[in-house]
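Worksheet: the structure to be examined is printed underneath.
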């Protein structure tokens, strides 16, 4: 980022990169396959099969419910990437749709604060296509790891992270997309303090109002309208999440660590107070009735509760953590808030030129159709692997 988006001088993080796993990279067996066009690595008993341009060494850097992530070197572009293996990607239709959605969204976007897809590995045999491998640009760590570490964070660090989240969100929202699952672990960082938003598997089009049954966003960062099952949610849901994330950065602990839906709502009302009748206007009658029967809570003073936080930061967070989404600050207005004056530069906060289309989701796709769509995305990166 040029001009207003330059990082503060002291923002390089000394130990941003987490310690690599203990398994020695030289111990990972590698075998060429399919006539030397592919290479198989055996990682913790997992077969990791990618195109032969991903030469050794390869290193496991993460593991999740979906599979395993390795850092690898693309010998053709001379770039280090993070390759995520999604094992048996088509076994569950909802998961397969998430994968397809993430691929299509990230290929549509091009922004410094949104993680980029560098490659989708084509299957060695089109007719046996079960695992999906996606290569992303490689980052050192994520905000969740930084918050939990003893890495010192200055006010300037936190301010710069907040600015970059909002800068990325401005672009995402301008593409007609809501992220819907912003949380510290979905914000990637490098040692230079560059921040990139990732994990668009739950993203939705902003004009869509049907409530999604597959909605599993992390409870702690969830806006009140989602906790109260409002189907008519807007870009304001992401702004609420940003407010929660920023306060977690400043306080080094989650702002609203609810155990369940009911506890989550209680925690946020204990801080921001019971909403007025006027602020309930966006809710359905059931939700209004539920709120009215709760014990009343008086709003706490943010400044007294968080005396170590800059007053201008408190003012911005209070505008983000506003119960009524119609009154919540927008991303554009948050970027222009006095707290971010030193970083804000409207000429360097681009928008997406073409809105993203979720048209592919309008049809009930079969497993085979989803395979074909992801296969085509892989061929866009690797046309020479057309079968």
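Glycine is no exception: its Cβ is also placed from the backbone N, Cα and C atoms.
Given the structure is predicted, the values throughout are model-derived calculations rather than measurements.
These come from Swiss-Prot:
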ACT_SITE  181  active site, proton acceptor
BINDING   61, 62, 63, 64, 65, 66, 67, 68, 69, 84  ATP binding site
DOMAIN    55-340  domain 'Protein kinase'
MOD_RES   213  phosphothreonine
MOD_RES   215  phosphotyrosine
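In this view, residue 61 (ATP binding site) is surrounded by 21 other Cβ atoms within 10 Å of its Cβ, with every protein chain counted. According to its DSSP assignment, residue 181 (active site, proton acceptor) is coil. A 10 Å cutoff on Cβ-Cβ distances gives residue 63 (ATP binding site) a total of 13 other Cβ atoms nearby, all chains included.
Model confidence over the domain 'Protein kinase' (55-340) stands at 92, taken as the mean pLDDT rounded to a whole number.
Counting every protein chain shown, 18 other Cβ atoms lie within 10 Å of the Cβ of residue 67 (ATP binding site). Cβ contacts within 10 Å of residue 181 (active site, proton acceptor), excluding its own Cβ and spanning all protein chains shown: 21. The Cβ of residue 69 (ATP binding site) has 19 other Cβ atoms within 10 Å, all protein chains considered. When the alpha carbons of residue 63 (ATP binding site) and the residue listed as 'active site, proton acceptor' are compared, the span between them is 19 angstrom.
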